[in-house]
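Here is the structure we will look at, set down as structure tokens.
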Amino acid sequence: MSGTVDPVALAANLAAVRARVDAACLGAGRDPAGVRVLPVSKTFGAEAVRAAFALGERRFGENRVQEVREKAPLLADCALEWVIIGPLQTNKAKDVARLAHEVQTLDRIELAEALDHRLQLEGRAIDVLVQVKTSPEESKHGLAAEALPGLLAALRRFDTLRVGGLMTIATHTDDETEVRRCFRQLRELRDAMAAAGHDLPRLSMGMSGDFALAIAEGATEVRIGSAIFGARPAMTG
Ligand SMILES: *Cc1c(COP(=O)(O)O)cnc(C)c1O
């Protein structure tokens, strides 16, 4: 965690992102109220999160559980919610159950079992999105689309996991056709699952560089890091 932010710039960035999201909604014939912005605070310290909290933000996306562990105690006086958006190992389930309000990267039954076990011990339930792999890139995580019906059916037995939708990361490319194809695939999967009785209203897709395309394809939530907090040092994930 190294990034710092200037509160004035942060307020301007948040307003600019919201304005661009609203414009993308109107361009797509959608109601701006139907798209939430999830600020992604990864690599930025507790002070940056505190500054965004002071501006009214309540949910923050983080890639690594370890970072949440470091920031959460410094922000214990803020009623904020941590949203895990990075790949999760089952050995992190305990910290997730203790600290997170939502996991957008559920992609296998073993992880659901580990989370459920720890959440039961904590007496908590969390919101969950299933991450689907829509990009052919090796580096992208998520469940294969063909495996989605099976996982959704299996998840029904966990009272601690409130499955509300799907999440994806599009192919990292300048080719808008390919990026849009990823987002469209997620929406079409959601529609297909509705026919099978799975109510999945939420679609988390789109980041700083591609959120307008995601909104055009039906995103209900865009995960925005650099356009809000500024450029990050080079990192993986
Ligand atoms: C880092 C990250 C984001 C935000 O990326 P930006 O390009 O900085 O907006 C969104 N989603 C996931 C899964 C991420 O890891």
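For all residues, glycine too, the Cβ spot is worked out from N, Cα and C.
Source: prediction; values computed, not measured.
Summarising the annotation, TrEMBL assigns domain 'Alanine racemase N-terminal' to 12-233.
According to TrEMBL, the feature N6-(pyridoxal phosphate)lysine maps to Lys42. Counting every protein chain shown, 20 other Cβ atoms lie within 10 Å of the Cβ of Lys42 (N6-(pyridoxal phosphate)lysine). When secondary structure is read from DSSP and collapsed to three states, Lys42 (N6-(pyridoxal phosphate)lysine) falls in the coil class.
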